[in-house]
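Q: For reference, the structure I am asking about is given below.
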Amino acid sequence: MAATPDREKALEAALAQIDKQFGKGSIMRLGDDTRAPIEVIPTGSIALDVALGIGGLPRGRVVEIYGPESSGKTTVALHAVANAQRAGGIAAFIDAEHALDPDYAAKLGVDTDALLVSQPDTGEQALEIMDMLVGSGSLDIVVIDSVAALVPRAEIEGEMGDSHVGLQARLMSQALRKITGRLSQTKTTAIFINQLREKIGVFFGSPETTTGGKALKFYASVRIDVRRIQTLKEGADSVGNRTKAKIVKNKMAPPFKIAEFDIIYGQGISREGGIIDMGVEHGIIKKSGSWFTYDGDQLGQGMENSRRFLRDNPELAQELERLIKEKLGVGVVKTEEDSPKLKAVDG
């Protein structure tokens, strides 16, 4: 039905009133193209950034990272914190598990002096602190580690063995209803780290489930399943893990993409290893035998030497990362100058 001039005039008056009362941009036509591009925080793994489809974790959204114990969940979150801080952002870490290692966080690039840390006594306290920080409008990223450790006050104050069915799920549901809108308004990324549990009596399908009820599954714009798939060795020594991350939910881009990357003990995600893997996969870096070359110059013999070479030459690593993202059309970051060609590391 065609809009008459009177109806059009009435609509424009209503839109003007909405903008005046609730702020400009409260309502708009989808075709106006006034939506800002999605801002992201890089994860530290180029493979994971590409799998997310937008170049990193979205600003102003809820992100859930879950998986088995020691799979790399906190490592991924801390890398995102470090990247947010490098961009001049303010980060908070709500350590409900009381297990944050400041030395390890510093090795991953986190500015521990500037990091806001809270070790709350109850789940209510943790989520209230988070709400107040987000409401300040000054925060860029907040991490909650972990949902399983957000124990309701009634459970802590009660007797051992008391039943508190659904208490944590109700707490999470109430908190997320309140916080989600504020996250969007303040462009704050909230990362909830979660643990896995097994449902009893499941014979078909996966018995695995996450803690905290269903609210987080609904409110999360991105859900990442992180698993350790292989132990990395140098000789007889274990030096790290090969990690697989599956994007099981993504409201920003197509879901179900898979990324693989290396986590080195004491160092975190190997950014350089990810660049080499993705570079070879997409034909930017050539592999001949055990040698890796870029643009006719040898990077090194073997993965470890090539990784060390890129670590020693960050300009080249940045150029390769830019070329890979440019080729895939994801999170392109332009640089003014190409890096010089450099001498390779022999193995």
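Each residue, glycine too, has its Cβ placed from N, Cα and C.
Got these off Swiss-Prot a minute ago, pasting:
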- Gly67, Pro68, Glu69, Ser70, Ser71, Gly72, Lys73, Thr74: ATP binding site (BINDING)
Q: Give the helix, strand or coil assignment DSSP yields for Gly67 (ATP binding site).
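A: Going by the DSSP assignment, Gly67 (ATP binding site) falls within a strand, counted as strand.
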Q: If we count other C-beta atoms within 10 Å, could you say which of the binding-site residues Ser70, Ser71 has the fewest?
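A: Checked Ser70, Ser71; of these binding-site residues, fewest Cβ neighbours within 10 Å: Ser70.
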Q: Using DSSP with the three-state reduction, classify Lys73 (ATP binding site) as helix, strand or coil.
A: helix
Q: So if I measure Cβ to Cβ from Glu69 (ATP binding site) and keep only same-chain residues at least 6 apart in sequence, which ones fall under 8 Å?
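A: Looking at Cβ-Cβ distances below 8 Å from Glu69 (ATP binding site), excluding near sequence neighbours, one finds Gln195.
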